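According to Swiss-Prot, the region 'Disordered' annotation covers 36-102. The repeat 'LRR 2' annotation in Swiss-Prot covers 205-226. Per Swiss-Prot, transmembrane segment is recorded for 420-440. Taken from Swiss-Prot, the feature domain 'Protein kinase' covers 504-775. If you look up Swiss-Prot, you'll see Ile510, Gly511, Glu512, Gly513, Ala514, Phe515, Gly516, Arg517, Val518, Lys538 marked as ATP binding site, on the strength of sequence analysis. The phosphotyrosine annotation in Swiss-Prot covers Tyr673, Tyr677, Tyr678, Tyr789 and rests on similarity to another entry.
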Amino acid sequence: MRGPRRFRLWTRANVLTVISILTSILSGAGCSPLSQLPSDNPAHVGVQDGVTTERVDRSKNHRNTTASSGAHRVTSGEPLGDRVTTRSTTAPDQVPGDASRNTTMAGTKCSLQVDLSTFACPADCQCNATSEGMVVSCVTPDTLREFPVIAREVARAVIKLELRGQSKLTSLKTELKFFTCLKHLTIENCGLNNIQGIAFKTLTSLETINLRHNHLTEFPQELLRTLNLRELWLEGNALTCSCTNLWLRSVDVAADRSEMTCSTRDGVSKMKMTQFKCEPCGIPDIRNMTLVFEPKNGMFLLRFVISGCPKPKIDLLRNHHHVLRSGSSQFKLTDFKSEFNGQVVTGTITILPHMETSQTTYVLTAVNSKGQANQTFHLYDQTTPASSIHIPLSNIPPRISSATTPRASPTEDFGPQTQVILPVVGVVILLISAVFIIYLCQRAKHRSHARQRCKKALLDKKFNEFQEGVPLTGLQLVDNPNYNLTKKKHVATTCPKTVRLQTILLMRVIGEGAFGRVFLGTCAHLIQKNEFAIVAVKTLKGSCSDSLKRDFEREAEMLATIEHANIVTFYGVCTESDQWMMIFEFMENGDLNKYLRMHGPDAAFLKDRDSMDSDEGQLTREQLMKIVLQIASAMEYLALQHFVHRDLATRNCLVGCDLVVKLGDFGMSRDVYTTDYYRVEGTAMLPVRWMPPESIIYRTFTTESDVWSFGVTLWEVFTYGKQPWFEYSNSEVIEHIKNSRTLKRPPRTCTDGVYRVMQGCWKPNPQDRLTMKDIAELLREEVSGDPVYIDIIA
């Protein structure tokens, strides 16, 4: 604890230093906090290089039109949710309201005088003519199913329109486009829940909008872009805490602003609008994108963080073709999450490389109603980088906005104070990053010491001399671990159990591999005190390389985390001599392949007189199903633990008494079953007859490749141990597998259901294959529904 405590004290001192530096920089630059920036102009929140900034919208479109939404003020004494008063932003020499009205009314003819004798008022509505224009009022409850239809020439004369108590009126689209002289609009206590973006586009004379007590959840600022509005009433609507509504809190009276509330997305709770934080608003922004290649499954993982409001839609283009929308199994979107009320989306796109050698262009796109963002990258489909490929944020091109939402130039987006603040924030981020990196280094060093202590307790003891009478042969093959430990969310908290050397007695050699030999032996006090247990002892040559020793350590640590009824029990390790040992459960009937052959239709030609009792006959279908169910159960467990076996076959399964079958490979099968392995293009010996196309081509092993191997193992069991593709050479087998050919159905004992499981394991696309969980369930159903056959011919 001395080291971590000293580091914490050092970190506190550095944090104080960072704060003092930041204070001096801020005071020297004369900066004010972001909250004190001028708010006279409409603003939206944007994200640039991961730093949230408030951008003042000064685009040319907004300067040249007086129909700006302006800065929003709450009249003193009125609740903010009740009335929002807006004032237009005009040039200094203009009178607010007059000049803008002249501009917006240019080219618009208002027919203020209407001949009522030729005008038919809409049913259930009242129409009155005044000196200023027509007033239309529809207040009889639930009499309108749609917006009242008024002739175009009459609509131009309407200055006031009232709709109240119309619960069936749910949307507002383009029904108001001819009401060009409308000044006061009231839609109150209706069922209105949706307003289209162009609903108010032509209402350039509109002064007040009353939308009280409707069902609106969002009211975008874009609805008022073409208006010179003075009052907006939104009381009684269930406005959500979203970026779309964030502009409503941009008011000048802080006391009234604090009273405005919004509902969360679930509608259960409410919060003050001033407390709601919506970091990213506006056009989609690809804030971060990382491309990672995973050798274990031969796939690229494209991880992204994208912001935008409304929530952007994600797609991936490959050579200008949409691959996510098309539903292609070679491209899948996983881990898709949304944060900040749906305004930040994260996810991973899985890319399975194609059999191509030319460069392929990919484009990640994010689209919403405000615009689109693209990021392009290139891949050679046969490229297999050794480490992650990071695409830095600085390489991401500018956003591409839509035509309806123009972007200002960088000089127009940022005020002088913001330009000063950004470098300051950058300096702060650099300092914090430095402190964080130092903390990670110290933490990694602490973990390394802890691991070394564990290894020292396990492997670095001083030992007595131990000599075994049987010499070990030279290293013949480079042996790969038959189980592959993938990255897991948890780390084993205990070291493998240590077995004392004096409790082990080696009896005879039962196998040999590249690492050394496997002995039949006994071990005292292993399972119970004062009792001997028969065990299998896997030894490591004393003169082996450091890499084999590291593999031995990793395998021991991995095996210590596995515990299943159909996996050979790992008891522990012994490192008290030059010959390191692993102690396993002993399975008296040997490997499953030999057992199947000795209990199959050709057993009479294979067995020796003394090797087996004469009364043991051929295995029945029920016994074969019992065998495959046990293998499936073990593989289902490994898949759930994220372990990849990589060499599943009957030769690597062991048989005990009462037909108990367990997974257990001591690495000796490559010497015993030499014809099952083939050296491909100078690589290590590979079991190509059990491997799927992606493993042969890309040398990648995944849980899906284990599923393929299980299908071949299933075929082995129901053919009583025959070698897959026994009629072809290894090179011919590779061509058959690449061309999507599969093994023929085994005769007699294999049911239709079992063969369908085999076919489900041999799908060319890994994502289309059955999972081990599905396989286990299908086989259990096959057993429960399998009729019992009686041999009446014999």
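Backbone N, Cα and C atoms are what each Cβ position is placed from, and that goes for glycine too.
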Cβ neighbour count (within 10 Å, all chains shown) around Glu512 (ATP binding site): 19
Local backbone state of Val518 (ATP binding site), from DSSP in three classes: strand
Fewest Cβ neighbours within 10 Å, where candidates are the binding-site residues Gly516, Val518: Val518
DSSP residue counts for the repeat 'LRR 2' (205-226), split into helix, strand and coil: 4 helix, 3 strand, 15 coil
Mean per-residue pLDDT computed across the domain 'Protein kinase' (504-775): 86
